[in-house]
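Trainee: According to TrEMBL, the record shows the following:
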- 21-38: transmembrane segment (TRANSMEM)
- 58-78: transmembrane segment (TRANSMEM)
- 90-113: transmembrane segment (TRANSMEM)
- 143-160: transmembrane segment (TRANSMEM)
- 172-191: transmembrane segment (TRANSMEM)
- 212-233: transmembrane segment (TRANSMEM)
- 239-256: transmembrane segment (TRANSMEM)
- 295-313: transmembrane segment (TRANSMEM)
Amino acid sequence: MIPLNQHFATVRRLWPRLRKPFAIVFFVLVVGLIVWQAMEVDWAEVREALSNLGASSIVPAALLTCASYALYISFDLLARHYTGHRLPAARVVGVTFVSYAFNLNFGALIGGMAFRFRLYSRLGLSPGVISQVVAFSIFTNWLGYLGMAGLVLLSGAISLPPDWAPAWVPRAAGGVLFAVFLMYMGVALLARKREVSWRGYALRLPSFRMSLLQVLLSMVHWATVAAVIYTLIPSDSVSYLDVLGAFLLSAIAVVISHVPAGLGVTEAVFLAVLGPSVGHGGLLAALVAFRLIHYLAPLAVAGVVYAITEATAKRQQTGKGQAGWEGRPAQPAKR
């Protein structure tokens, strides 16, 4: 038998060559799914369903959107404690809100990273500290996803279309995800060495208590975003767990496809998984409303906040130099 480490070495060597073809094939499949689902939609029904959405659906969806943004912002506030930087919490809230809104609409590279680096650097954080904040926030987000998706898939709450995969596949995938999640939590609990090096970078493992907080905040965040969609779906034929499962599936499909904002990808997954139960018209109307409430409305606010921030920074830098709006560099606290 070939040792397991040789299998991993072979996969690691071949993956750079296979990654691009895999991404292209997946993208083509997603586009095909989008086109196929679009042909099945009665667009007049979609318009009618949108016009029937009332305040009883829109107001809870808006409030849940505010809650989901607040939860995501908490990732950077937790990263503030992790890195020890002294930037005021209010500044962290502003930066994270802007970057998250742009991240959702334009992708992680532009929103989650570029805006964080620009805004945090203007506030005096060093590139090293910013990198730690960004990495911590991204890791927090996906750590919660591993736990949440693992549990939901293992529970059997997600039923894929019969032509997608055998019935055992979701539970098997859930088992793998939850096993990875448990492995990390075990390391966080038992590891004596908290400093590790990876590709020349020094990484500090969060405490088990902080890891639990990461998981809690992230899981509640994923659950809250799914609740936004659930409140907008007009039919009672699907449960919240059905919507949560479809949302978790669509999230990973968006990541693999690299489509900005997951435009069309999210809709295609939802229509394939929940369309037969809800009806394509009503479901697509709910997803359009979801994009307006959860994506575009916060983006409009974030654009204004960003413009004001840039104008304020330029004015104060011109008038006071480095002692103006930026103030003293917010470096990590001494430990």
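Each residue, glycine too, has its Cβ placed from N, Cα and C.
On a predicted model such as this, the values are computed, not experimentally measured, just so you know.
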Trainee: Are the transmembrane segment (212-233) and the transmembrane segment (90-113) close, by which I mean at least 3 Cβ pairs under 8 Å that are 6+ residues apart in sequence?
Mentor: no
Trainee: Taking the transmembrane segment (143-160) as reference, which of 90-113, 239-256, 295-313 has the most Cβ pairs under 8 angstroms?
Mentor: 239-256
Trainee: Residues sitting near the transmembrane segment (172-191): Cβ under 8 Å, six or more positions beyond its termini, same chain?
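Mentor: Those are 143, 146-147, 149-155, 205-208, 211, 215, in sequence order.
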